[in-house]
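Here TrEMBL flags G81, G82, N83, P84, R103 as substrate binding site. Marked as Mg(2+) binding site by TrEMBL: D104.
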Amino acid sequence: MALVTTAEVCDANPQLLVSGELRALQPVFQIYGRRQVFSGPVVTLKVFEDNVLVREFLEEKGNGRVLVVDGGGSMRCAILGGNPVVQAQNNGWAGIVVNGCIRDVDEINSCDIGVRALASHPVKANKKGIGEKHVPVTLAGTRILDGDYLYADTDGILISNSELAV
């Protein structure tokens with residue numbers, strides 16, 4: 001999102017906000033990683049206190065995509081840590097949004113990738129490989145589909161049904 005802020009996107013597209021084609025996530029996420037502004041097509045994942053599928057996705061080429069992980073809002077463990085974020089950065093992911101916790105914050109903050117999460121937590125996740133890929137998820141009051149488009153900056157996170165001409 002070159003120099004166009006999420007606020008400007010909202011101001012320029014009131015009709016899309018009314019229709020629901022453009023949606024703003026509730027402001028519950030903390031900002032991590034060096035890339036504070038990022039955007040890209042969404043890939044969705046639903047897990048609970050398990051990070052095997054998160055790691056598997058981030059081992060793939062990102063091609064500028066954003067991984068949106070519905071971790072059920074769990075505050076009991078971290079489902080994303082430094083090693084997978086380094087891998088995501090190296091594999092070309094634009095960002096990761098986690099409805100849950102992360103850990104290894106200093107390592108993540110040194111990476112050139114955008115990360116949003118509810119909080120940090122030192123306890124690691126389970127490794128059972130249970131979850132659902134490419135399914136609709138609801139984060140911060142907003143339904144997000146695989147293939148939607150995400151825009152994030154320091155003001156917040158927007159979800160669009162398609163890429164906007166910004």
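Each position is counted from 1, following the chain as shown.
The backbone N, Cα and C atoms fix where each Cβ goes, glycine too.
Curation does not apply to TrEMBL; its annotations are automatic.
Positions of TrEMBL features highlighted on the structure.
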residue	record	Cβ within 10 Å
G81	substrate binding site	19
G82	substrate binding site	17
N83	substrate binding site	12
P84	substrate binding site	24
R103	substrate binding site	20
D104	Mg(2+) binding site	21
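Other than the site residues G81, G82, N83, P84, R103, same-chain residues with C-beta atoms no more than 8 angstroms from the centre of those residues' C-beta atoms, the substrate site, are A78, L80, V85, V86, I102, D104, E107, I108.
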